[in-house]
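What follows is a single structure, written as C-alpha coordinates, with notes after it.
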Amino acid sequence: MSVTATPPGSTQPFRFTPENQAKAQAVLARYPEGRERSAVLPLLDLAQRQQGWIDRAVMETVAEMTHTPPMRVLEAASFYTMFRDRPVGRHHVEVCTNISCWLRGSDEVLRALRDELGIDLGGLTEDGLFSVAEAECLGACVNAPMVQIGDDYYEDLTYETTRALIGRLKAGLPVSAGSQGGRQGSCPAGGPTTLTGAPAASDKG
(Lines of atoms letter the chains of each structure in order from A and count residues from 1; the text may use other names and numbers.)
(Lines give C-alpha, C1' and ligand atoms only; values in the text may rest on other atoms or scores of the structure.)
Protein backbone atom coordinates (compact mmCIF):
# COMPACT_ATOMS: atom_id res chain seq x y z
CA MET A 1 0.00 0.00 0.00
CA SER A 2 1.33 3.43 -0.92
CA VAL A 3 0.66 6.10 1.69
CA THR A 4 1.17 9.81 1.05
CA ALA A 5 0.78 11.82 4.24
CA THR A 6 -0.65 15.34 4.14
CA PRO A 7 0.91 17.66 6.74
CA PRO A 8 -1.34 18.67 9.67
CA GLY A 9 -3.10 21.97 9.06
CA SER A 10 -2.81 21.66 5.29
CA THR A 11 -5.54 23.36 3.27
CA GLN A 12 -4.88 21.10 0.32
CA PRO A 13 -8.14 19.47 -0.84
CA PHE A 14 -8.31 15.70 -0.73
CA ARG A 15 -8.99 13.69 -3.85
CA PHE A 16 -8.95 9.95 -4.32
CA THR A 17 -6.43 8.57 -6.77
CA PRO A 18 -8.02 7.33 -10.01
CA GLU A 19 -7.78 3.75 -8.76
CA ASN A 20 -9.34 4.59 -5.40
CA GLN A 21 -11.96 6.80 -7.02
CA ALA A 22 -13.16 3.75 -8.94
CA LYS A 23 -13.27 1.79 -5.66
CA ALA A 24 -15.19 4.63 -4.01
CA GLN A 25 -17.77 4.64 -6.80
CA ALA A 26 -18.14 0.88 -6.44
CA VAL A 27 -18.80 1.36 -2.72
CA LEU A 28 -21.41 4.05 -3.38
CA ALA A 29 -23.11 1.83 -5.96
CA ARG A 30 -23.99 -0.66 -3.22
CA TYR A 31 -26.50 1.72 -1.68
CA PRO A 32 -29.77 3.06 -3.10
CA GLU A 33 -30.37 6.74 -3.73
CA GLY A 34 -30.87 8.57 -0.48
CA ARG A 35 -28.83 6.04 1.51
CA GLU A 36 -25.39 7.20 0.44
CA ARG A 37 -24.38 8.01 4.01
CA SER A 38 -24.11 4.27 4.58
CA ALA A 39 -20.84 4.54 2.65
CA VAL A 40 -19.22 6.96 5.12
CA LEU A 41 -17.22 4.32 7.02
CA PRO A 42 -15.86 2.40 4.00
CA LEU A 43 -14.94 5.67 2.27
CA LEU A 44 -13.13 6.94 5.37
CA ASP A 45 -11.24 3.65 5.49
CA LEU A 46 -10.33 3.91 1.81
CA ALA A 47 -9.12 7.49 2.28
CA GLN A 48 -7.01 6.54 5.28
CA ARG A 49 -5.40 3.69 3.34
CA GLN A 50 -4.45 6.23 0.67
CA GLN A 51 -3.30 9.11 2.88
CA GLY A 52 -2.42 7.41 6.16
CA TRP A 53 -4.80 9.42 8.34
CA ILE A 54 -8.06 11.38 8.33
CA ASP A 55 -7.92 15.17 8.14
CA ARG A 56 -10.58 17.81 7.57
CA ALA A 57 -10.13 17.68 3.80
CA VAL A 58 -10.88 13.94 3.77
CA MET A 59 -14.01 14.42 5.86
CA GLU A 60 -15.25 17.20 3.59
CA THR A 61 -14.73 15.05 0.50
CA VAL A 62 -16.52 12.06 2.06
CA ALA A 63 -19.35 14.32 3.24
CA GLU A 64 -19.79 15.68 -0.29
CA MET A 65 -19.73 12.23 -1.89
CA THR A 66 -22.28 10.78 0.54
CA HIS A 67 -24.54 13.85 0.85
CA THR A 68 -23.90 13.80 4.58
CA PRO A 69 -23.49 16.82 6.90
CA PRO A 70 -19.75 17.22 7.62
CA MET A 71 -20.44 17.08 11.37
CA ARG A 72 -21.85 13.55 10.97
CA VAL A 73 -18.69 12.47 9.17
CA LEU A 74 -16.60 14.02 11.95
CA GLU A 75 -18.65 12.13 14.54
CA ALA A 76 -17.97 8.84 12.76
CA ALA A 77 -14.27 9.55 12.25
CA SER A 78 -13.74 10.54 15.88
CA PHE A 79 -15.80 7.68 17.36
CA TYR A 80 -13.93 4.72 15.86
CA THR A 81 -10.41 4.22 17.14
CA MET A 82 -9.18 2.73 13.88
CA PHE A 83 -9.45 6.18 12.26
CA ARG A 84 -6.42 8.35 12.98
CA ASP A 85 -6.51 12.14 13.27
CA ARG A 86 -2.78 12.71 12.80
CA PRO A 87 -0.03 11.32 10.55
CA VAL A 88 1.40 7.94 11.49
CA GLY A 89 4.25 5.83 10.21
CA ARG A 90 4.04 3.54 7.23
CA HIS A 91 4.13 0.75 9.81
CA HIS A 92 1.79 1.83 12.61
CA VAL A 93 2.45 -0.46 15.59
CA GLU A 94 -0.45 -0.67 18.04
CA VAL A 95 0.57 -2.34 21.28
CA CYS A 96 -2.10 -3.95 23.43
CA THR A 97 -1.38 -3.08 27.08
CA ASN A 98 -4.61 -4.39 28.59
CA ILE A 99 -4.61 -6.86 31.46
CA SER A 100 -3.97 -10.11 29.55
CA CYS A 101 -1.15 -8.69 27.45
CA TRP A 102 0.33 -6.85 30.44
CA LEU A 103 0.41 -10.02 32.53
CA ARG A 104 2.01 -11.89 29.63
CA GLY A 105 4.74 -9.34 28.95
CA SER A 106 3.57 -6.26 27.03
CA ASP A 107 6.11 -4.19 29.00
CA GLU A 108 8.85 -6.23 27.33
CA VAL A 109 7.26 -5.61 23.93
CA LEU A 110 7.33 -1.86 24.61
CA ARG A 111 10.95 -2.08 25.76
CA ALA A 112 11.87 -3.88 22.54
CA LEU A 113 10.17 -1.19 20.47
CA ARG A 114 12.00 1.56 22.37
CA ASP A 115 15.33 -0.19 21.91
CA GLU A 116 14.77 -0.98 18.22
CA LEU A 117 13.10 2.27 17.11
CA GLY A 118 14.18 4.85 19.67
CA ILE A 119 10.60 6.02 20.25
CA ASP A 120 7.97 5.47 22.91
CA LEU A 121 4.18 5.37 22.84
CA GLY A 122 2.87 8.16 20.62
CA GLY A 123 6.19 8.45 18.83
CA LEU A 124 7.00 8.63 15.11
CA THR A 125 10.44 7.82 13.72
CA GLU A 126 12.23 10.61 11.86
CA ASP A 127 12.06 8.69 8.59
CA GLY A 128 8.28 8.31 8.94
CA LEU A 129 8.56 4.55 8.67
CA PHE A 130 7.29 3.58 12.14
CA SER A 131 4.92 4.94 14.75
CA VAL A 132 3.89 3.35 18.04
CA ALA A 133 0.57 3.70 19.86
CA GLU A 134 -1.17 2.07 22.80
CA ALA A 135 -4.29 0.01 22.12
CA GLU A 136 -7.01 -1.28 24.36
CA CYS A 137 -7.87 -4.98 24.18
CA LEU A 138 -7.61 -6.19 20.59
CA GLY A 139 -9.43 -9.45 21.30
CA ALA A 140 -6.49 -11.84 21.01
CA CYS A 141 -5.97 -12.47 24.73
CA VAL A 142 -5.19 -16.16 24.25
CA ASN A 143 -2.17 -15.14 22.15
CA ALA A 144 -0.93 -12.38 24.44
CA PRO A 145 1.18 -10.32 24.29
CA MET A 146 0.51 -9.01 20.82
CA VAL A 147 0.58 -6.00 18.54
CA GLN A 148 -1.39 -4.94 15.49
CA ILE A 149 0.52 -3.54 12.52
CA GLY A 150 -1.77 -2.38 9.75
CA ASP A 151 -4.43 -5.04 9.33
CA ASP A 152 -2.40 -7.89 10.83
CA TYR A 153 -1.90 -9.32 14.32
CA TYR A 154 1.53 -10.45 15.55
CA GLU A 155 1.11 -12.62 18.62
CA ASP A 156 2.96 -14.55 21.36
CA LEU A 157 5.66 -11.90 21.34
CA THR A 158 8.80 -11.72 23.45
CA TYR A 159 11.45 -9.02 23.65
CA GLU A 160 13.56 -10.94 21.13
CA THR A 161 10.81 -11.75 18.63
CA THR A 162 9.53 -8.17 18.75
CA ARG A 163 12.94 -6.81 17.83
CA ALA A 164 13.29 -9.44 15.09
CA LEU A 165 9.89 -8.52 13.66
CA ILE A 166 10.69 -4.81 13.56
CA GLY A 167 14.12 -5.55 12.13
CA ARG A 168 12.60 -7.40 9.19
CA LEU A 169 10.15 -4.57 8.54
CA LYS A 170 13.03 -2.07 8.64
CA ALA A 171 14.89 -4.13 6.06
CA GLY A 172 11.83 -4.40 3.82
CA LEU A 173 11.70 -8.16 4.29
CA PRO A 174 8.43 -10.15 4.36
CA VAL A 175 6.95 -10.99 7.75
CA SER A 176 4.42 -13.62 8.74
CA ALA A 177 1.37 -12.55 10.73
CA GLY A 178 0.03 -14.59 13.63
CA SER A 179 2.01 -16.32 16.35
CA GLN A 180 5.69 -15.39 16.49
CA GLY A 181 6.39 -18.34 18.77
CA GLY A 182 5.54 -21.16 16.40
CA ARG A 183 2.12 -21.82 17.87
CA GLN A 184 -0.60 -22.94 15.46
CA GLY A 185 -3.56 -20.61 15.85
CA SER A 186 -4.60 -20.55 19.49
CA CYS A 187 -3.59 -24.13 20.29
CA PRO A 188 -1.75 -24.81 23.57
CA ALA A 189 1.91 -23.83 23.35
CA GLY A 190 2.94 -27.35 24.38
CA GLY A 191 0.71 -29.06 21.84
CA PRO A 192 -2.68 -30.74 22.30
CA THR A 193 -3.42 -32.28 25.68
CA THR A 194 -6.84 -33.74 24.88
CA LEU A 195 -8.45 -35.42 21.88
CA THR A 196 -5.04 -36.70 20.84
CA GLY A 197 -6.28 -39.97 19.37
CA ALA A 198 -7.61 -40.70 15.91
CA PRO A 199 -11.01 -39.12 15.13
CA ALA A 200 -13.94 -41.36 15.96
CA ALA A 201 -15.62 -40.62 12.64
CA SER A 202 -14.24 -42.12 9.46
CA ASP A 203 -14.96 -42.06 5.76
CA LYS A 204 -16.47 -45.50 5.94
CA GLY A 205 -20.17 -45.57 5.33
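Positions of Cβ are set from backbone N, Cα and C atoms, glycine also.
Quick look at what TrEMBL lists:
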BINDING   CYS96, CYS101, CYS137, CYS141  [2Fe-2S] cluster binding site
REGION    180-205  region 'Disordered'
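Summary of the [2Fe-2S] cluster site environment: with the site residues CYS96, CYS101, CYS137, CYS141 set aside, the chain residues having Cβ atoms within 8 Å of the Cβ mean position are THR97, ASN98, ILE99, SER100, SER106, GLU136, LEU138, GLY139, ALA140, ALA144, PRO145, MET146. The Cβ of CYS101 ([2Fe-2S] cluster binding site) lies under 8 Å from the Cβ of VAL95, VAL109, CYS137, CYS141, ALA144, PRO145, MET146, each on the same chain and at least six residues away in sequence. Counting every protein chain shown, the number of other Cβ atoms lying within 10 Å of the Cβ of CYS141 ([2Fe-2S] cluster binding site) is 17. Counting Cβ atoms from all protein chains shown, CYS137 ([2Fe-2S] cluster binding site) has 13 others lying within 10 Å of its own Cβ. Sequence-distant neighbours of CYS96 ([2Fe-2S] cluster binding site): residues of the same chain at least 6 apart with a C-beta under 8 Å from its C-beta are SER106, ALA135, GLU136, CYS137, LEU138, ALA140, ALA144, PRO145, MET146, VAL147, GLN148.
For the region 'Disordered' (180-205), the DSSP-based tally of helix, strand and coil residues reads 0 helix, 0 strand, 26 coil.
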